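Contents: one structure, followed by commentary.
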């Protein structure tokens, strides 16, 4: 293999159980949308089943069908909005659906469809969801039309923020949600996402928490200290060469070598998910030695500067650690967003469970 990602099964299970403990042992909804944040939705879902995760969250019907066709028979919730034809198919397949508007409810009634419904309320995200003030009317409509209302949920927009203002806003969202669900007895009531679990575990409402990026050891853009690294992107040295000081490296001649150097080429580029912004400040590890990424990252290749202490010991085919949670945590690059990076891991990168 040229480039691959190793997924640590036991560390993933540890992280899920640790976060479940922090969430006062609430039931876990495993969010495996966007190919489980780039790591492989089917593989991750199968691991989560081993720690008693029985409900999975996806973005759309297509992702739900992918899980079902891979043999995942557990409950699946489409967290995003669905088109009318998707609501029809979801009902046939027994997939739970998020409903955010009266128009969707009226469509279900008009077509005599009765899927498992989770009503979504907008407590401050300003994306999808009913208005909080309409809660009583919407819930009453479901009851009067014998709709199968199994859940109510909302989404925290800034629970990974670290200021007093962001904390207060999150608490306001939780309080709004509390007013909706206070006297309800439903199978699924949920508002807490990963950062909601780690940062607001004393304020968790309901009987379910949604666990996504937290499984992979992150709260927001920072690694959670008590969680374990679960993924490592690795590659191999493809080419090695010694060059003179002042040589330009890669497209655009933006980088000039400050001294006579040894550089190596890795068979991974932005087509594989190694973002171009890592050209400034990014690094990889060879035998625990930090090697700076130099020049613009190319579509299929990346150049690194090899430190003098290992330049005579490396060889073509040597293994390179390109990215793991600790490297991402150490990078001081404003453009870096862990979610964006993970979901951008390309299909050429083989996913391997270890």
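Glycine is treated like the rest: Cβ placed from N, Cα and C.
On a predicted model such as this, the values are computed, not experimentally measured, just so you know.
Here is what Swiss-Prot records for this protein:
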- 33: active site, proton acceptor (ACT_SITE)
- 251: active site, proton acceptor (ACT_SITE)
- 127, 299: substrate binding site (BINDING)
- 33: N6-(pyridoxal phosphate)lysine (MOD_RES)
Query raised in the report: By a simple count of other Cβ atoms within 10 Å, which of 33, 127, the recorded positions in the record, is least packed?
Result: 127
Query - DSSP state at residue 33 (active site, proton acceptor), helix/strand/coil - result: helix
Query raised in the report: Any idea what the Cα distance is from residue 33 (active site, proton acceptor) over to residue 127 (substrate binding site), rounded to a whole Å?
Result: 17
**Report entry** Other CB atoms within 10 A, centred on residue 299 (substrate binding site)
**Finding:** 11
**Report entry** residue 299 (substrate binding site) and residue 251 (active site, proton acceptor), Cα-Cα, nearest whole angstrom
**Finding:** 11
